[in-house]
Structures are given as structure tokens and as C-alpha cells.
């Protein structure tokens, strides 16, 4: 594999899940593979799980991780083509990506969307510029429209916890005080579309995700109806896609409660706002898989890095 | 040992000091012990010595340190129980601590007090929440009420530099322009109470430390009287405990001078404000042990990590 | 070698270049040399190339790099002698440098000039204080008046790309929106003065560098004249030295264009403001050596660290 920037980079999700389970069972088996190789982790935004789990994955493979907070540690980066750089940006991505490629064998990038300019966000300017101008493989640690390490993690977690041949998985929108990106919901949707599950999305009117992502996945605006016989309820807030980046008024209470989900397993990518997105009773119950998901972040990242290292 | 959050976690200070000396004499002897183990260093506050010495200690044990400035790098963390998280905090400590435990074999935390709310500070909310919700051992890198790595360091340094069977050790308050925590003074007091030394505390009226910490240690409000025949003068500013977090007016000049301490060894945890806390002539003299103390921070941290690793 | 703080620390630039080429050909040959040794990288200012390449160099030598952003991570540092520290600085360099020396086998420091106080900048207070008060070797990662790792890099790059016995090298000033330091231009000048090249400097009136640096190097105020028969055009903006730190009005257009430099190789230390300092057509052409320069930063740093490690 060259780059990993989307769930679409996974050719066969079942074989990937099997390989991730092997890695999880024996995480140090490939400690020689990454020896004398560096992973550059470039953060344009905050990160806890991704920051730590991707470093841990690199260490398990014998790699040396080098972390940089681009905004605070380095220079304002220009992405425009042909720009006369007489403003606030001091370094062009053409140089930045090529330069980092001199020091890192793989570059991992996190860059959130603006949520104000749909077209710009969907162009994935930052991530795609790294792919274009870096001379080494690029891994998305969450970009404007996708979080493929999370989506892979979630697929692994569902496979591990499923007791049925074809479980029912619901992706449910939930309330939040801030306007949030669509990245996690998009990648989860794409991952579920590749798996042998019954997959539906529950969200209020006005909150349908990008139809190019959801494709023929059923979208249900009644949460109770969607949750019927669910085995997994994956919860996430996202801002409106149609009214791009807006937090619309929502009449119904979409907060996840124990009553609503019954025996279904609860999933969330974290961080999660307690008693806004989901009540304490769910998170503190045995139904919650959120910590197991966080654990699987390491093995998802390790699988991706392993596949890239094998093709270096 | 499971956690190290207080000087009270030291069962036998003399045997710990002996072991620390062995580590100092041969710091790489246990390089295999921490192999493939990660130490997560989480900073809610600034740090120089602790940041570097704890990483160095981890490296000496073969561990991989992963550093995170919680405030800048990650999300605002909520500590309240049952909180409806519709404010500025984005992640609850229940998740944060459990999640970090998935990636780190030991978690080290630095979290200073507010100095405005005594009850809250004494609850040690941040440190104790990590202890409660992490599934791995937790080490304090200074919390609201204690700095046990520093206290252990100071015990080692006094043991190394003592020429008497039972030296006289004075902990002296000194002036400062800012209101500072009690953590270092508390842990030093607790460490001295465990050692075979004559220990007294010198501070102005209104600056007595928490009596539950000082217990029956003599508190003397006359610095000159306290310094008589002293072998070690450990200096530190702290804000008032009674008038919690206040910097009171102090008539007498409590700045440490060469004249005042005579032949006694001078100690301070650093950073120190020159010519406010102590005059240059003391710091620049052979009587000063402050750099040796800083050096011993590595071995104190290494001893603590070694004991935890041995019991993992 | 003890410290590396200036191009003047290079005793024989040709033998250094040869050794750098050997390192580049076999970068892991000395992986045992730095084992169990730590490199502390202290940043008082932003950095991308230096931050990453110096870490990479340390890793290639088997060292453990420890990075600290002094401003954000630690305490305000005082440099004055005899200061009564009742202001904003919390730790004196005397302690800071001595303390970091307890944890790091080599200390690398980046500290930019004020550009407002020539005398203070030329005193190199921060760098020289580390040299004075640290007990371990100090490496400049760019100081007020020099960037010797960059100058060494540039010498290596010219040696690698030269097809003539004695190539003509021009250092040309170029426009910028901000007032920039003289460090890169100074160290490049000093490096060229040590090499067997025909070296001239082109800059507008009022922008002559410090005459103690330029010495008898010809300074030409006509860019076209200076570029005649040039083999290498090294471009860099700097603020006025005479009117210290000022950006003066400049009539002529000094932006580097393809037309101006013809077949000459283009060099720049990066970051570079496109279409202000140099037009896209130059940077995006085969004449540009900027990415190769960035690559050589690793080997320049590795050479310096190797020489220091060999003398530890």
C-alpha cells in the first residue's frame, strides 16, 4: 500500500480485520519491520487518542515517531497555487511536504475542516497536498471528510464483538453544543458498507450526510424505529451537511439513553460529551465498547503502518 | 508498587535511598526492564526538570516516553461527576484516563493546584481521578498538595551529603512575587519526618503549612533561631495555607543570604528567583546543592519507575 | 570538538564535506556511537527543518532526542547577571543550563535575535549563556547572528552539485514582508569564505551585512552584474544591518526570476515566500536545490553530533 487516506484504500476489509486481530494478539511480532524508520506525526489540530495510539503503533513496529504540532512548533503553511506570499503564511506546502519527506519515511497528518466552506473542505486541500507533494507515503489521522483509522478501528471492534452472522448496526446522530465535522460518520459509513452487516443511519431531518457517501444506506429520521433490534449503536454528532457546518434546531431529544438502546452495544469514537451525546448510564455500563475502540486504535494504525512499511 | 502519588507510598526510606544510590552508580543496569513499555507523561502545567529527568529515567530503563501537554495538545478535560458537558470541557476524565491506559504502561501526571479553592485542591481531583479511572499505575509529577518525586530526590541528596549521624535540616520559607503551591514543602516535610534527622520548619506567622502535614515538627517563626547549627537549609516559598493561596505582608526579610546560613548546605527544588528567594552569593557558592538535586531527580524517578515495572 | 556554535568551529571545511558525504552514503554506520546518549533540543523559536532533521540525525547515531519548546513547555528564563528576579522570568540561565546538562549529553539551542538591539543580539546572550553555564557540549540550531548547521549544509550541497573546479557563488538579498535575521546570510558567507569558490554578495544599498563578517568579499549593489556567469545563486532576505532590523524601501525589484539566474542553480535555506523572494518558475524547476539542501541538513547535523560524540 502507498497512502492510507480513506476507507476506500481498504481492498478487503475482512482480511484486514483478520490481520488486525493477529497484530493485537502479538503486537511486537513485527518489531524489526520499522527499525531505523521514522514516522512523522503532523498535527494541525488537537489530538489525544490519535496522537498516542499512532505513536504506540509505530513503537510496536520498531519505528521512531517524531511529533510536530504544525501551528505552534513551525510556520504558517500556504496551500494556494501561484500565491504571492506576502501575508501570514511563511512556507508553501510544496516545500513543507517535500522537506518533511527528507526526514520521515511515512508522514501522518491531521487536518480538520473549516466547516464554513464546503467546497474547500471537500477538496481536502491539506491532506491531498501532502499526498501530491510528499515523496513518501501519507496516512490520514483525520482529514476534513474522513477519519479512516477510526473507521477501520470500528470495523475491527464490531467484528470482535459480534455474536451474529449479520448484526444490525445503527449510526445515530446525537446532540452537541458545537458544530462538528462529518469525518468520523463518513468513514464509519464507508466501513460498514464494506462489511456484512445490516446498516442504517438515524439522524434528524436536515442532518443527512453527503449522499455520495451514504449512497443506498437507509436513512431513518425516527431514532426509535432505527434502534429496533439493533446490535450496535454507533453514536456521533455532526453538523448539517446541507446547511453546511450549521447546528440546526432539533425538536426531538436525540441523546442516547439506556432505555433507547436496550441490549445493543454502544460505540463512540471519543471524546464524548457525557449527558449531552449520551447519558452516564450507557457509558458506565457493560454495553459500552468505547474503551475497547480506543484500544483498537493502536492495532488499526499498526496494521496500516505495517502494510505501508511492507511496500516501502 | 502500584501507584506513586505521595511520600507515604515509601515504605522504608532508607532502603529506597540505598537503591537510588545503586541506580545512580549504574544507571543502565536495568535497561531491559522497561523494554517495549511506554511511559505517558501528561502535563497540565509547565515543567523543565520533571519533564526532562522523568524522560531520562524512562530511557535509562529502556522505556519509550510519550509526552503530551494536555492543555495545548488535546481536549479540555471534565472532572465533575454526572456533569452535563455542554460547556468548555470536551472529554471526561473517566474516558481520558481509561483511554491513555490503553497506550501507556505507566501514566505520569502533573497538575498544579488552583490556590483559590482549598477543599478542591486538597481533594486532588486530577491526580486521584487518574488513579481511580486509569487501569495502569499512576505517578505524580507534582500535584496540588505534593511533589513526591522531589521529596524523594531531596532525601537522597541529604543522605549523600550528610557528614553527621543525625544532621539538622531546616525547611525555610522565603519571599516570592507570586503565590506558590505547598506541594514541594509538604513532600519535603513528609520525607524528613521519615529520616533520622533533626527537622524544623522556619516560616513567618501566617505561613504555617497544613498541620496534618507538619504534625509534631517544630515550627519556628524566627529564621535566625531556626538556622542555628543547621547542616542543611532547604528553601522554598509557599503561599499562606490559613489565608489560602494569599501572599501576606511579611515584615522581616526572609531572603536567604550567605551570612544567615553560614556553613550549612543550601537546597532548593528549582526554579529559583535569584536575589528574591536567595542571593547570588549562596547559589554560586560551593554550599549550594541545587544542581546535584536536579541530577538526583533522574534517579528518584528511575527508582519509582523501576519499582512499578517490577510489579507490573 | 566541544561546542558547535559557528562556522568558525570548522577547522577544515573540505575534510568535513568529505566526511558528510560518507555519512550520507551510509547514514546508519555509527548507530552505536550515540547509544544511551540523549540530545536535548531546546527551542526558543519556531522550527520545522531544524527540529526534524536534527532529531533524525540523532536517531541515525542511536541517540535519544528530547525536544522542549522552552517558552510554552517550561519557565521564562532570566539571562541578566545579578538581576533581582521579581519580574516575569522564573528561572535563571545559570540554573537552567546546568540543570539540562544533568539530563542531556549534548544540548542544541535555537534562539533568534530581537532585531531591535544590535549590541544585545551580537552578544549572543542566550547561546553564549548555554556555552558558559552548561557542563555539556552546545550546538547552535540558529542563534542571533549565525546558523552554522545551515551554512555547513550549504557548503555540502555546493560541493555535491559543482561541476567546476572553482564555481561562482552569489549570495543575493531578496525582498520579504517581514524584517528577518542575518544569521543564515552570515553563516553562508563564512562558509563560502572557507571554500575554493568565487564568492560575491549582491544586495541593495543599505543592506550590507556586518563588515566583520563580509570582510573582503565583494559586495555588489547591481543584481544583474552580480549574477553574470553565476553557477549558484543563494537567495535570502535579511533586514538592514546599518539601520538595524529595519526593512528599508528598495526601488529595484530584487525578486529572483528564471530570467535573472539563467542556468545557475538556485539555493535557499527555506522557508521561502513564493513569488516574493523567488518566483514559482525557479522553485519548480530543475535548477532548484532547495529540497536537496533540506535533505543535507540531516547529514550536516549528524556530522556535527558525530564529532562531538567522538570527543565526549
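Any Cβ shown, glycine's included, is placed from N, Cα and C.
Here TrEMBL flags C:2-160 as domain 'Aspartate/ornithine carbamoyltransferase carbamoyl-P binding'.
According to its DSSP assignment, residue C:75 (carbamoyl phosphate binding site) is coil. A C-beta separation below 8 Å, combined with a sequence spacing of at least six in one chain, links residue C:75 (carbamoyl phosphate binding site) to C:89, C:90, C:91, C:96. TrEMBL lists C:47, C:48, C:49, C:50, C:75, C:110, C:147, C:148, C:149, C:150, C:269, C:270, C:297 with the feature carbamoyl phosphate binding site.
Cβ environment of residue C:142 (N(2)-succinyl-L-ornithine binding site): C:45, C:47, C:50, C:110, C:111, C:112, C:149, C:150, C:183, C:184 lie under 8 Å away, each six or more residues apart in the same chain. The DSSP secondary structure for residue C:142 (N(2)-succinyl-L-ornithine binding site) is coil. The N(2)-succinyl-L-ornithine binding site feature in TrEMBL is assigned to C:142, C:176, C:236, C:273.
The domain 'Aspartate/ornithine carbamoyltransferase Asp/Orn-binding' annotation in TrEMBL covers C:184-305.
By a Cβ separation below 8 angstroms, chain B lies close to these of the binding-site residues C:47, C:75, C:273: C:75. In sequence order, the binding-site residues near chain A, meaning those of C:49, C:142, C:269 whose CB lies under 8 Å from a CB of that chain, are C:49. Here the candidates are the binding-site residues C:176, C:236, C:273, and by Cα distance the one nearest residue C:297 (carbamoyl phosphate binding site) turns out to be C:236. Looking only at the binding-site residues C:149, C:269, the densest Cβ neighbourhood within 10 Å occurs at C:149. With respect to their backbone Cα atoms, residue C:147 (carbamoyl phosphate binding site) and residue C:273 (N(2)-succinyl-L-ornithine binding site) stand 19 Å from each other. Most Cβ neighbours within 10 Å, among the binding-site residues C:147, C:176: C:147 holds that distinction in the structure as shown. Following the DSSP three-state reduction, the secondary structure of residue C:236 (N(2)-succinyl-L-ornithine binding site) is strand. Residue with the densest Cβ environment among the binding-site residues C:236, C:273, C:297: C:297, by other Cβ atoms within 10 Å.
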